[in-house]
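Take a look at the following structure, please.
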Amino acid sequence: MSQLQARFFTDNKKYVIDDVPFSIPAVSEITDLSNVINKLLEGKNGDHKHVEFDFLVQGQFLRSSLATHLETENISTEEVVEIEYVEKYTAPQPEECIMHDDWISSVEADSEWILTGSYDKTARIWSLEGKAVATVAGHTDVVKGVAWVKRDGLSSLLLTASLDQTVLLWEWSSERNKLRARHCCRGHAGSVDTISVDPTRSKFCSGSWDKMLKIWSAEMSEESNRPRKKQKTEQLGPTRTPLMTLSGHTEAVSSVLWMDTEELCSASWDHTIRLWDAETGSQKNMLTGSKVFNCISYSPLCHRLATGSTDRHVRLWDPRSKDGSLVLLSLTSHTGWVTAVRWSPSHEQQLISGSLDNLVKLWDTRSCKAPLYDLAAHEDKVLCADWTDCGLILSGGADNKLYTYRYSACLSDAGA
Amino acid sequence: RRPNHDSTDECPKRKPKKKQNVSADGENQEEKVTSGSDSGLRVSSQVDEYEQDTSDEEDIRNTVGNIPMEWYKDYPHIGYDLDGKKIFKPIRNKDELDEFLDKMENPDYWRTIHDKMTGTDVCLSDEQVDLVHRLQQGKFGDVNFNEYEPAIDFFSNEVMIHPVTNRPADKRSFIPSLIEKEKVGKLVHAIKMGWIKPRRPKETAPQYYDLWAKEDPNAILGRHKMHIPAPKMRLPGHEESYNPPPEYLLTDEERQVWEQQDPDERKLSFLPQKYLSLRAVPAFSRFIQERFERCLDLYLCPRQRKMRVNVNPEDLIPKLPRPRDLQPFPTLQSLVYHGHSSLIRSISISPSGQWLVSGSDDCTVRFWEVCTTRCLKTMEVGGPVKSVAWNPAPSISLVAVSYGENVILVNPGLGDRLICSATDQLISSYEEPEEVKDQQVQWAVPEGKAQEQGQRLILTHPKAVKQVSWHGRGDYLACVMPDDGSSLQVVIHQVSRRRTQNPFHRNKGAVQCVSFHPSRPYFLVATQRYVRVYNLIKQELTKKLMANCKWISSMAVHPGGDNVICGSYDCRLAWFDLDLSTKPYKVLRHHKKALRGVAYHKHYPLFASGSDDGTVIVCHGMVYNVTACFCFSSLALSHISFYSVREWCVSIFSPQLFGLIDVYIANHIYSNLGCIVTITLPTLSSSQVRKASSSFALTLHCPKL
């Protein structure tokens, strides 16, 4: 089998070639195929510049020679092989390395600012360029979770959750760089490990080691002029109590997120993912795994959940499936606990995962055998990761460094 | 011929059918009687039989009736005739002699009979004698009567053309019967109502069954089908020849030996003998006996087919469960806790599972966050830490740390703030009792920096404390001060009342470790060779477990309370079932060097043992089930503990890699009934783990079969 028939096609209008089968050597690899396409494109229009392509055979990325891939995937070589080609995903470009004083436990970034929580009991606000803007100090113990609530104009609301069992709601005015704790949310009986703000930005949910999920209001209450109370809680603002408590997990809640305005999803050490109705507080569905879940992420683009477990796998779930727990895919390449997963906000097939083996991996669900890229910058455990809408990948870990990467799916999109 | 009745007539018969003519002569009379009777019996006689004979004329010569005639013995008469006149007995003058003479001389004597009614002698005629003979033979009295006349079937099976009777048929035979109609009506109603079921048609198909279908081929009868040929007789050899070659003939010595031998032991059952010719051979004297023995052989010899068993020895190894089926159990090193600068002596995990405390020779106690390996707190103490124990009660946040002669109770301030403050309050709420008892242990409250660090109480013991162990409720704390010569080796502290007791007054050997029973009021004390179980309520020894090893190093009680494992310095792990016996239920010898620590998992049927050979073996142990064990190897290790919540196991590996605590999620040894399958994971550094998954070494030890 030295030659085989292949037909190339693409969705990208810019790189369309004639729809005719070609006879190509079976041993050709990606670079060979890429050269073939480039040659064809050059023949079509003269001012074509060389573009690296990636190839998919029946929805799976080609990572070896064509012959071996077809053999392992059990695809017949008798017929014409349909090969899709896409512009090659470029590697994420490292941008900044932001030094912290202590381990970074959590990170969340938006289009302008990066918010990190650290083991030095503070959270910090950074600009995207890596300039320290503000320090959020108020917790008496390690900050385990951070989240932006909303940003209107120059004032922002942000949340920090800590091992000291409280969640603090802060108001930050970026113009004057003034930070004020507005509310102290008390109610958990264990360290608060995770927080998540709902899509309407009016509520947030926190998950704790005490096995509970609590939903709190994120609205700012009017300043009440009660000097006695105010004096007492001058530092941290008035105490706020939860709107609702969701109990059901039998062990620590490790991660929580809002799937939409009515639905909550939580992952726990008790091997379950539970879906909750945020209105009634009842449990809607439960997906049972076999290992401890450390982190969870939901993509509204492909409607899938990604979880990271202590058994080194990233698993993809379909939360809508009714017939029990359904693992769609296992992404296996890490060698340590997976501590962070995050779907791409713009691409429905890409996600990143961070692990205790010091690596952050960029995955494409179409190539589940190996990640697209390994981001091996950390020198110690990766504890958190984030992916912003504007294509910034962030990861922080036990080496006190927060790395940022600029990632654009394709070179040609880079300028856009 | 109507018989004339004559009163004087003498009739020989009592009931003759009275047709005799009057006759003076008895014999003639007899003849006539006979002829008269003949004619009377004749059926076909034309004469009207009733003319001459009436029954009322029956024997009326004597009217006394049927009475015993001896009543008239003493009278001269014998009765009365019809006219009422006496009938006189005839004059009998015959004596015995006359009788005899009469018998001798009278030719008719044999036919003379005595008539009792009249007292006369009557001589029977020939016809009468003949009649008597016939009657005696059971024949009809009438000579001419043919008792075998041909029978005429009046009603025969043949259908006659004419009716037997001429009677016209009844009217009722033409009218339907009302009773029958009623009966039929009832039956029809019953059938309609279903009370009577129509008769089921008989199954016409013949039913056969296989007589041998259920035959068991192994049954006694079934064996007959298996033909086993009878043992063959040996063919005769040269020694049986009438003229055997001389080497077959026995010498005298051999013959003597042959004769002295038991017949069963003889190699030859006969003596070879030499004859000049075949004619000179005598008859075989034992022929019959030999045939008989042959028959006995055929009949009695046990006939069985000898099966040669070809078994692959590997098939006899009991089937081990696959490790996959026994999951979860630790399989991989996951986390390493870096921080200590010297040997770590002891670890303990908080009841919530969020924290881990470790005590080290570098005089520090560190508190770690389990899931991130973050050291949250480091506390310096005044000496190398020997033992740490987290209070198992979830409502108390206290850690006991022993170093040197001191035990400090530390509130780590981790976990729920409420519990921490409640614990502080519990300790500070103690009020000094009125009368202070002199205690062997000094209780002191630390001041200043130590208090800030979380130390709440310092207990100073007279001797170095090796081990601390909490009671499940969290109020009692047992401390071990091993000392072979003293009775003060174990003390039990009550934290809330700051009291110390010495439970034992006598020294029973050097105490190695102690443990409280998780559910019952028992206290387990391990000395070098025994584990003693004391009942704390009854204050008595409940059980003494023979560990069957030389020096116990460590002990763990199953959370269920029924099982105890002991590790010993002579490489053994003894597993006791407290309900079963004081001897070990099982002794496992998987380790090559001394065991240092053993631990039970709280939920899963796992226990782990750590040894000086640098391995931790995790065993999957179920009573009534196989024991499958798994080991992960590393460097020498001193203490082991199971992570209470998950299937994880925490172990410390000391000398070379000191300062590390590994959380393992791994394993491999199998043991069952003496066979051990060992799969050893090569020593891994954390960076090698990913390559190691394919490089297992497999050793298989089978017992000799």
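Glycine too: its Cβ is placed from the backbone N, Cα and C atoms.
Got these off TrEMBL a minute ago, pasting:
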| type | residues | note |
| --- | --- | --- |
| COMPBIAS | A:234-244 | compositional bias 'Polar residues' |
| DOMAIN | A:4-70 | domain 'NLE' |
| REGION | A:220-244 | region 'Disordered' |
| REPEAT | A:97-136 | repeat 'WD' |
| REPEAT | A:136-180 | repeat 'WD' |
| REPEAT | A:185-226 | repeat 'WD' |
| REPEAT | A:246-286 | repeat 'WD' |
| REPEAT | A:286-318 | repeat 'WD' |
| REPEAT | A:331-367 | repeat 'WD' |
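Distances, neighbours, how buried they are, the whole picture for these features please.
Confidence for the domain 'NLE' (A:4-70), expressed as mean pLDDT, is 82.
In terms of DSSP secondary structure, the repeat 'WD' (A:136-180) contains 0 helix, 31 strand, 14 coil.
The DSSP breakdown of the repeat 'WD' (A:185-226), given as helix, strand and coil counts, is 0 helix, 20 strand, 22 coil.
Same-chain neighbours of the repeat 'WD' (A:246-286): 190, 193-200, 203, 205-215, 292-298, 300, 305, 307, 317, 319, 325, counting only residues six or more beyond its ends whose CB sits under 8 Å from a CB of the stretch.
Taking DSSP states H, G and I as helix and E and B as strand, the repeat 'WD' (A:286-318) has 0 helix, 21 strand, 12 coil.
Panel annotation: around the repeat 'WD' (A:331-367), residues 56, 59-61, 63, 89, 92, 294-299, 301-302, 304, 306-310, 312-316, 373-389, 391, 393, 395, 397, 399, 403, 407, 409 of the same chain, lying at least six beyond its termini, place a Cβ under 8 Å from a Cβ of the stretch.
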What residues elsewhere in the chain lie close to the repeat 'WD' (A:185-226), defined as a C-beta under 8 angstroms and at least 6 residues from its ends?
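Apart from its flanks, the repeat 'WD' (A:185-226) reaches 141-142, 144-150, 157, 159, 161-169, 171, 238-247, 249-258, 260-261, 264, 266, 268, 276, 278, 281.
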Report, as numbers and ranges, every residue of the chain located at least six residues beyond the repeat 'WD' (A:97-136) whose Cβ falls under 8 Å of a Cβ in that stretch; write 'none' if there are none.
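Contacts of the repeat 'WD' (A:97-136) (Cβ under 8 Å, skipping residues fewer than 6 from its ends): 142-148, 151, 156, 158, 160-162, 168, 170, 172, 174, 177, 179, 377, 383-386, 388-390, 392, 394-398, 400-404.
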